[in-house]
Amino acid sequence: MIKRSRKKSFQPPTTLKGSGFSAVAHSVEASPSVNMSNMSVCFSKNASESPEPCKAEVQGNIPNWLQGTLLRNGPGIFSLGETSYEHWFDGMALMTSFTFKDGEVTHRSRFLRSDTYKANMAANRIVVSEMGTMAYPDPSKNFIFKAITFLNHTVPDFTDNGASNFIKYGNEYFATSETNYIRKIDPDTLETQDKVDYLKHLPVNLVSSHPHYDHEGNTYNMGTCIAEKGKTKYVVFKVPAIPDKDSLKKAEVVCTVPCRSLLTPSYYHSFGMTDNYFIFIEQPLKLDIIKMATAYMRGVNWASCLKFCPEENTLIHIIDRKTGKEVETKYYTGAMVVFHHVNAFEEDGHIIFDVIAYKDNGLYNMFYLSKLKENPGFHDDSYGKPNYRRFVLPLRTDKTSAIGEDMVTLKHTTASAVKEKDGKLLCQAEVLCEGFELPRMNYNFNGKKHRYVYGSMVDDSAVSKQIGKFDTESKKMVLWGEENCLPSEPIFISRPNGESEDDGVVVVSVTNSNPDQSCFIVILDGKTLKEVARGNVKGRLYRDMHGFFIPNTN
């Protein structure tokens with residue numbers, strides 16, 4: 001239910017001003033302190049937008065080759081009138097951009113003017129439901145109005161509050177969450193444009209917010225088709241790289257995978273792709289469609305309809321990109337929850353794919369605002385640290401191989417794939433490191449063998465206080481962080497014609513709670529994680545989720 005409290009209508013907070021300070025590169029043992037009582041306000045306080053471009057105060061030297069715009073997206077408004085969102089992920093989207101040009105950086109931010117935003121603002125209360133917050137009728141409305149509202153929620157029309165990420169389809173950019181609605185945006189001005197319904201082009205009710213892009217610029221994404229003609233299935237689709245508008249109109253289904261249960265499809269946030277295969281993890285974190293349809297009547301949110309089933313296995317689907325068919329061998333592993341794939345590649349007859357995995361779905365529960373407010377340290381004993389896991393799947397298996405034989409023949413990994421009586425392979429991952437999330441890498445190596453991954457360090461809580469660079473070969477970690485600062489997901493930007501995989505910079509938006517100091521965008525050397533430059537912004541920066549870099553090709 002929506003929390004109600006006596007509070008004034010939404011008013012944007014005043015911006016803070018201040019000067020930055022020099023960064024410190026830390027070794028793996030270092031851990032900068034953070035005053036978490038100060039940081040908790042970042043998760044529940046309404047943001048303010050700064051729609052006009054404002055030049056940041058640059059310290060250091062931004063590389064001349066860094067030309068383009070970094071878009072970032074996340075929740076920004078958490079309360080309206082006497083109503084508040086229950087979950088941090090539910091907040092209305094705030095888009096932020098940092099434009100790098102000729103050694104300077106400009107910053108701006110805008111709220112996504114979605115239909116959800118417009119309806120909520122007009123009513124000065126939350127009237128559109130989100131995953132973790134169910135909206136209920138105004139108590140002053142009559143019975144007929146309440147009955148209509150009930151029917152609308154029984155068969156829900158999902159929100160278009162795209163607060164998770166940005167997707168590029170053709171030459172257009174969209175703010176997205178995981179519903180069938182996305183909103184086109186102008187990446188230069190952050191103005192909200194057309195509302196797009198996937199269902200007008202593809203049979204998908206829910207869609208991943210982490211697509212893949214090939215070298216030709218085609219986009220591949222994945223969605224769930226719920227109970228169409230008595231079947232629930234997962235759909236991988238391709239949006240071609242065409243210069244015209246409305247590229248989604250030319251979207252085509254590449255392949256489908258039947259759901260193992262009709263009314264409880266698996267939840268997923270991302271998937272993997274190599275040059276020749278798609279990798280889809282059908283995990284035992286399930287969305288109960290019947291419970292979802294009755295959630296409003298039962299007075300619960302849709303998130304309560306997600307159920308983790310630890311007694312069930314995780315199925316690993318490998319799909320041939322050329323034929324659209326699953327490979328003959330069947331793979332599975334134990335129960336786990338994965339939100340983010342790192343990368344996948346092929347090597348000597350095997351598929352190697354890396355993921356960030358959890359023991360259960362406790363991560364989502366960590367971000368209920370009531371928990372964040374009650375526990376300013378963000379630590380929860382029920383929260384299990386994420387593991388960076390590497391799975392290795394042999395593509396070809398000898399039918400004469402003995403039961404119990406490990407079919408992995410690569411020598412540089414401890415991951416295994418053991419043959420069972422029915423011919424299936426039980427796969428066990430190699431754990432490369434712990435406490436690492438929001439993985440990003442040099443996207444030129446997507447689908448190919450990589451070595452370096454950049455991510456957020458979350459050793460003692462679900463909230464990052466440091467950025468890490470992990471070497472998958474040496475297993476060493478280099479860290480960067482500052483006192484009383486919370487860094488966002490790191491974005492690696494490759495130097496044009498770079499000589500190595502880590503030849504580039506890592507760009508991080510940083511929320512700063514130090515008195516009289518600015519929030520800032522920091523540019524780190526991709527090899528050492530030492531600071532190259534930073535831009536101190538005149539307004540506030542806020543916690544967000546994911547980002548997308550658009551290079552300036554002019």
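Note: Cβ is positioned from N, Cα and C throughout, glycine not excepted.
No curator has checked TrEMBL annotations; they are predicted automatically.
As the structure is a computational prediction, the values presented were derived from the model and not from experiment.
What TrEMBL says about this protein:
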BINDING   His210, His269, His340, His546  Fe cation binding site
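The Fe cation site is set by His210, His269, His340, His546; from the centre of their CB atoms, other residues of the chain with a CB within 8 Å are Ser164, Asn165, Ser208, Ser209, Ser270, Phe339, His341. Cβ contacts within 10 Å of His340 (Fe cation binding site), excluding its own Cβ and spanning all protein chains shown: 19. Take the binding-site residues His269, His546: by the count of other Cβ atoms within 10 Å of each Cβ, the lowest one is His269.
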